[in-house]
Amino acid sequence: MAVQVVQAVQAVHLESDAFLVCLNHALSTEKEEVMGLCIGELNDDIRSDSKFTYTGTEMRTVQEKMDTIRIVHIHSVIILRRSDKRKDRVEISPEQLSAASTEAERLAELTGRPMRVVGWYHSHPHITVWPSHVDVRTQAMYQMMDQGFVGLIFSCFIEDKNTKTGRVLYTCFQSIQAQKSSEYERIEIPIHIVPHITIGKVCLESAVELPKILCQEEQDAYRRIHSLTHLDSVTKIHNGSVFTKNLCSQMSAVSGPLLQWLEDRLEQNQQHLQELQQEKEELMEELSSLE
């Protein structure tokens with residue numbers, strides 16, 4: 001007899017501007033995994049499925065089932081600063097979770113909505129989109145604190161063998177206890193991208209913050225190496241050159257395209273503003289002619 005698994009969350013709705021920030025963050029480096037936290041709200045929706053039978057002049061319910069659908073709405077993300085760069089794993093410190101909770105409270109006051117930390121995301125450069133055993137165990141740990149907590153993975157720098165073009169895959173998951181085992185296994189959660197015409201202020205601030213965070217990570221790594229006393233002068237010069245090279249690469253791959261995108265967006269907004277002003281003038285002329 002098959003055992004039906006009860007999911008804590010039935011679906012995830014990810015705002016397109018938050019999706020854009022996640023994607024830019026995942027594509028910022030192909031050597032190590034990156035990560036961040038998702039800010040949003042968890043809504044409960046009631047779904048009623050009823051079956052009726054008709055006997056003579058009365059209609060009565062044979063079976064009525066009330067299901068509570070839990071949907072996670074992700075409105076923005078917080079890009080986390082990595083204290084330890086690893087190729088195959090990422091970790092969230094308690095200090096980062098606390099700072100994210102404080103930011104969620106600030107957003108809740110601004111929007112008047114019950115914002116909180118509802119999940120986390122990280123990248124899988126050059127590897128499959130499916131979570132590893134470490135990812136599943138980490139997700140299970142977060143769910144012990146919050147059953148509605150979800151995990152997102154962005155697999156990037158993957159090349160299609162047939163078309164020879166790059167592609168990005170993403171998935172959302174939670175962890176469940178495996179049958180007759182102490183281990184955990186993943187369960188996939190349907191994820192839907194909610195389209196937006198404009199990018200929100202909070203997501204725009206996160207996108208602008210990305211180059212700063214990447215620069216801070218490089219500075220921290222360089223300072224740790226530079227503080228070692230046993231290094232000779234040639235090694236220190238080499239480390240300085242590597243540091244400069246990494247910063248230039250970030251400017252070329254992240255800061256430059258981001259600046260160009262912001263300038264293009266500004267030009268589009270100015271053009272749209274001119275069109276609206278022209279439309280306003282035409283409407284005012286029509287209104288004055290009617291008077």
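Even glycines carry a Cβ here, placed using N, Cα and C.
Sequence annotations record features per position, and here Swiss-Prot assigns Zn(2+) binding site to HIS122, HIS124, ASP135 based on sequence analysis. Using a 10 Å radius centred on the Cβ of ASP135 (Zn(2+) binding site) and all shown protein chains, the other Cβ atoms total 21.
Summarising the annotation, Swiss-Prot assigns domain 'MPN' to 12-179 and lists sequence analysis as the type of evidence.
Per Swiss-Prot, N-acetylalanine is recorded for ALA2.
The phosphoserine annotation in Swiss-Prot covers SER233. SER233 (phosphoserine) carries a helical DSSP state (H, G or I). Packing around SER233 (phosphoserine) is summarised by its Cβ count: 7 other Cβ atoms lie within 10 angstroms of its Cβ, all protein chains included.
According to Swiss-Prot, the motif 'JAMM motif' annotation covers 122-135, on the basis of sequence analysis. This prediction places the mean pLDDT of the motif 'JAMM motif' (122-135) at 92.
Within the same chain, residues 25-26, 29-36, 88-90, 151-158, 169-171, 173, 183, 186 sit at least 6 positions outside the motif 'JAMM motif' (122-135) and bring their C-beta atoms closer than 8 Å to a C-beta of that stretch. Residue counts for the motif 'JAMM motif' (122-135) under DSSP (helix as H, G, I; strand as E, B; rest coil) come to 3 helix, 4 strand, 7 coil. Counting in whole angstrom, HIS124 (Zn(2+) binding site) lies 37 from SER233 (phosphoserine) by their C-alpha atoms. For the pair HIS122 (Zn(2+) binding site) and SER233 (phosphoserine), the Cα-Cα distance reads 37 Å.
Within 8 Å of the centroid of the Cβ atoms of HIS122, HIS124, ASP135, where the record puts Zn(2+), the same chain has further Cβ atoms from GLU33, MET35, ARG89, VAL90, SER123, PRO131, SER132, GLY151, ILE153.
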